[in-house]
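Below is one structure, written out as structure tokens, with a few remarks after it.
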Amino acid sequence: MASEDCRVYHERQKLQFCLLHALNNLFQENDAFTRAHLNAISEKLVLDEPNREPWTPLSFVFKPHHNSVTGNYDINVLISAMEEKGKSVVWHDHRNGASSIDLDGPEATHKLMGIVLNVPVRRFGGIWKSRHWVALRKINESWYNLDSDLHTPHTFKDTDEVRQFLDNVINDNGEILLVMNDRN
């Protein structure tokens, strides 16, 4: 569903489909990716694996790259999905901090399309530990946190605030993945 701000598309969290929501939020488009599309990518990845795990009855639900009921897609699905759209994914080196990420380029010519985060989360009073996919994107010269757990997108006041947020992600053992516009 679209957010209150008609300029910014924002999907809300359902089950563990945070990668699906992060990708659609990143591309600012409903159904840029669908559950069926991400499941197909996951299945193709399994077929392409040279050392496949033997099938068990639990393999119907718990697949190598996702959970067929709840989602919970892995990094391999993200990278394959981005490659299909002509994008590349660069894992940010934590040792460099967020200050090394070029956030200031103009949108039209900038190589950085957006940022996808994989952050640790605790749910149900800390009993359930998991990870969550989040998209950040510059839209109309403003950076947005498009986290599907948020009711509406959060607008960062400037790139310094984005960098501070990203440094906090690094300090909290999160991963920063830069989505680049060209695959070269």
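Counting starts with 1 at the first residue shown.
Every residue gets a Cβ built from N, Cα and C, even glycine.
Note that TrEMBL annotation is computational and uncurated.
Pulled from TrEMBL:
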DOMAIN    5-184  domain 'Josephin'
ACT_SITE  Cys18  active site
ACT_SITE  His132  active site
ACT_SITE  Asp147  active site
Query: Just the number: how many Å between the Cα atoms of Asp147 (active site) and Cys18 (active site)?
result: 8
- prompt: Taking just the CA atoms, what is the gap between His132 (active site) and Cys18 (active site) in Å?
  reply: 6
- request: Counting other Cβ atoms within 10 Å, pick out the least crowded of the active-site residues Cys18, His132, Asp147.
  value: His132
